[in-house]
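Annotated features in TrEMBL:
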DOMAIN    287-492  domain 'TM7S3/TM198-like'
TRANSMEM  284-301  transmembrane segment
TRANSMEM  308-324  transmembrane segment
TRANSMEM  336-355  transmembrane segment
TRANSMEM  362-383  transmembrane segment
TRANSMEM  395-413  transmembrane segment
TRANSMEM  420-440  transmembrane segment
TRANSMEM  474-493  transmembrane segment
Amino acid sequence: QALLYIVVCRLVCALCSTLTLVTAINRVIFLPGTFQNVSVSQNETVQAVVSRISPEVTFITLQFHTQHRNATLSYTRMPGVGLSLTAVDSGLLSALEPSQTTLTLFLSSPDADTVSGTGVILPYSSTDPVPGACNTEFNLDIDPNIYIHYNLYETTIRFAPANLGYERGGTPPACDESTATNTRWRLQYDVYQYFLPENDLSERNLFRGIQAARVSLQVMMLLSTDMTRVVFNSIPGQGVIYSVIVRDPLLNTSASYVPVHTYACSFTSTLDGCYTLGKISTKIFFTIAGLAGLFVCFCGHRFFKCELFCMGFSFAAFFFFVLITRTTDLGYDIRLALSAVVGVVGGVVLVMSWWRFGSVMACVVVVGLMLGFLVASVVLFTPLGDLDIFRRSDLVFWVTFCCFMIIVPLFFVRWPREGNIITCGVVGAYAVVLAVNAYIYTSLSYITLNILKRLLNNNFSAAFTDVPFQTIDYVMITVWVVLGVCGIVLQLYRERSRPFFPPSPYLMWLQERERRKTNVLDPSHHFPSLPNRFMTRVRQLTRRAEPAGEHTPLLL
């Protein structure tokens, strides 16, 4: 038995050695600038090998990107602190020795899953800047990575400052001894943003987007004196790739940090994950709102009380949602339900104020504020809203917003009927767009959602609010314009020969009552009042019926 135990142990050791050898042989050859798809199995380490490195190359960056699973990129076979990085988008920078012609780095899966991704090797010369070489915040000595964090409102990227390039085996320039033009303080950072196709969570298009990120949209340029931190607007479910290029304006050279991507949602969450975005309560709420908006778009002015109810509902529900979100920690569904209840109260109050007092102008001004709110949101949804003066000062932003919002109702004083019909068409059609957004993502929803985020988040003013404009967005713009124009033209044509606004029912009742009191020739003047008719009917029901027949004596 002892001999058998020894034999089994030796077989196990031999098997482990064989497996180790097999793992060591699993290598991937990277060619500079060429993306290579790599799959890393559980408990497997893949060698990323670069050979025949040119003598002009002084440092090399290896990037590896997966969709949502972490991968570990390491300088050594066994990952360690300061020698490896575990992330969805990871990268390592290796400074080469004078006679070095090959380089080996290691890929592994930190979790019990197979990880598939794409990687690329980027070589740089001694005149190119070194991304992340002046790192004092993150774990790696030289860290070319971009670190990303998102929440419901904003997405933040951070990265370490770069340094000037240097020859193989040379001493890196000092980072903070001087701010002269011969130091790293002359470097500039270009921040880029690339949107993936909307409503697309596929891995294939992500990898294509990472390869195409070099032609993405530049959103800003940072100087070395600026903080290496940029804030963007979060768009849950929309894939976005962020990249940073550090440039040396004196030598006209550049180098790339490791791009990062986010969908601003979780692929592993079973509730509100990337595949289950959009709560049932939200879909129900905006479906009803879309149907009401379609009715208001084409029939709002004719059914004036219904229009007032819808406008009052929207006005009250929106601002109560802001109030309850900022002051309580209630769940989303509860907040939405309470906002709907308060919206109903607001709609009833607006209708009853018109019914009781008959002030059409006061109600039309409230309706005009709704159109003014939407117009101001559209204006600041354009690139105008990303101007530094609006991003750095909440006061300037809200003063500008309120000016746009208040100017619009002023036109209603001169043309109340036309202004009311235009509001019905524009706001009603936009409600239809929001209803569609509950099922299919469209960037037009961020016209008002950006304003809501800014009201709810004190730090949202620093965020870039760029959103993608793709095929679905142009389709929805067309739908919005067609519905709005058709609704406005139809209502203007139908109401051309009718009174501007329907009269107040309460005032009509008062006039009718006064007319009955003073006009004795009117038959209704002799008609009993409602209380008298009610009491007469009660007496008839409670009085005992008298028998029919003659009760007077016969006349002789």
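Along the chain as shown, residues are numbered 1 onward.
Cβ atoms here come from the backbone N, Cα and C positions, even for glycine.
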Beyond the flanks of the transmembrane segment (395-413) by 6 or more, those residues with Cβ under 8 Å of it:
361, 364-365, 367-369, 371-373, 375-376, 379-380, 389, 419-420, 451, 454, 461
Give the mean pLDDT for the domain 'TM7S3/TM198-like' (287-492) on the 0 to 100 scale.
87
Long-range environment of the transmembrane segment (420-440) - Cβ separation under 8 angstroms, sequence gap at least 6:
199, 278, 282-283, 286-287, 289-298, 300-301, 307, 311, 314, 364, 367-368, 370-371, 374, 412, 447-448, 472, 476, 479-481, 483-488, 491-492, 495, 501
Report the listed stretch (284-301, 308-324, 336-355) having the maximum count of Cβ pairs within less than 8 Å of the transmembrane segment (474-493).
284-301
If I count Cβ-Cβ pairs under 8 A between the transmembrane segment (308-324) and each of 284-301, 336-355, 362-383, which range comes out on top?
336-355
With Cβ-Cβ distances below 8 Å as the criterion, list the same-chain residues six or more beyond the ends of the transmembrane segment (336-355) that contact it, or say none.
281-282, 285, 304-305, 308-318, 320-321, 324, 330, 362-363, 366, 504-506
